[in-house]
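Novice: What follows is a structure written as structure tokens; I'll ask about it next.
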Amino acid sequence: MVLINNNLSHQTMGPFWEVETGRRDGRVSTFSEPLTNLPPFFANISQLISMFRSKGLSVKDLVVLSGGHTIGTSHCSSFSSRLYNSTGKDGTDPTLDSEYIEKLKNKCKVGDQTTLVEMDPGSVRTFDNSYYTLVAKRRGLFQSDAALLDNSETKAYVKLQSAATYRSTFFKDFGVSMINMGRVEVLTGKAGEIRKVCSKVN
């Protein structure tokens, strides 16, 4: 996954980092396993920090890797609860910018499971730090994006990058955090194997 992210980042004018290869991986892979290890879109800041720390990752890794939402799209179903089933006026999330709510509601009707929405509108194919500008303006698409404003350390990083130049320190930070993520739960000794092809066991 780290190799894929590195290639994708480079193709979208993002940072490049030296991926550490040769790690030992398991001999069995299941479809559901990655999903149970990824933080859900609706996670609050306490849940996010807890999940990252359980993998040996820091609060800074959390806020930096969240910046990967600068590219890509998401189905309406991943954030529709913020539009129709929350605690604010007309069921909307009070932490979400009101103008952004209207734009999202125009694209995502109640029960919509198929429409795709850009995670970083206007910059969806370019890896940059504009994601943080949107989060600072309360325009983060997911609850987990908005949650970055609920912790002093993550909020400070969001503010720093939202006021920074195009490349700023984000590119360097992202490479470091991706390396950190690549070191999560590495097998040692005779456990697992070093795969000849990343996508399948030897």
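Just so you know, glycine gets a Cβ as well, placed from its N, Cα and C.
Below are the features I grabbed from TrEMBL:
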type	residues	note
BINDING	PRO39	substrate binding site
BINDING	HIS69	heme b binding site
BINDING	THR70, ASP120, ASP128	Ca(2+) binding site
DISULFID	CYS76-CYS108	disulfide bond
DOMAIN	1-202	domain 'Plant heme peroxidase family profile'
Novice: Can you tell me the CA-to-CA distance separating CYS108 (disulfide bond) and THR70 (Ca(2+) binding site), as a whole number of Å?
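Specialist: Counting only the Cα atoms, the answer is 20 Å.
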Novice: When a 10 Å sphere is centred on the Cβ of HIS69 (heme b binding site), how many other Cβ atoms does it contain?
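Specialist: The answer is 20.
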Novice: Check the Cα-Cα distances from the residue listed as 'heme b binding site' to the recorded positions CYS76, ASP120, ASP128 and tell me which is shortest.
Specialist: ASP120
Novice: At the Cα level, what's the spacing in Å between ASP128 (Ca(2+) binding site) and PRO39 (substrate binding site), rounded?
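Specialist: Given the Cα positions, ASP128 (Ca(2+) binding site) is 22 Å from PRO39 (substrate binding site).
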Novice: Per-residue pLDDT averaged over the domain 'Plant heme peroxidase family profile' (1-202) comes to what?
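Specialist: 85, rounded to a whole number.
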Novice: Please state whether DSSP places ASP128 (Ca(2+) binding site) in a helix, a strand or coil.
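Specialist: In the DSSP reduction, ASP128 (Ca(2+) binding site) maps to coil.
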Novice: With an 8 Å cut-off on Cβ-Cβ distance and a minimum sequence separation of at least 6, pull the same-chain contacts of the residue listed as 'substrate binding site', or say none.
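Specialist: Listed in sequence order: GLN47, LEU48, MET51, PHE52, SER144.
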Novice: How many neighbouring Cβ atoms, not counting its own, are there within 10 Å of the Cβ of THR70 (Ca(2+) binding site)?
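Specialist: I get 24 for this one.
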Novice: Where ASP120 (Ca(2+) binding site) and CYS76 (disulfide bond) are concerned, what is their Cα separation in Å, rounded?
Specialist: 14
Novice: In the same chain, outside THR70, ASP120, ASP128, whose C-beta lies within 8 angstroms of the Cβ mean position for the Ca(2+) site?
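Specialist: Along the chain, the qualifying residues are GLY67, HIS69, ILE71, SER123, VAL124, THR126, PHE127, ASN129, SER130, TYR131.
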Novice: If you measure THR70 (Ca(2+) binding site) to CYS76 (disulfide bond) at Cα, how many Å is it?
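Specialist: With the alpha carbons as reference points, the distance is 17 Å.
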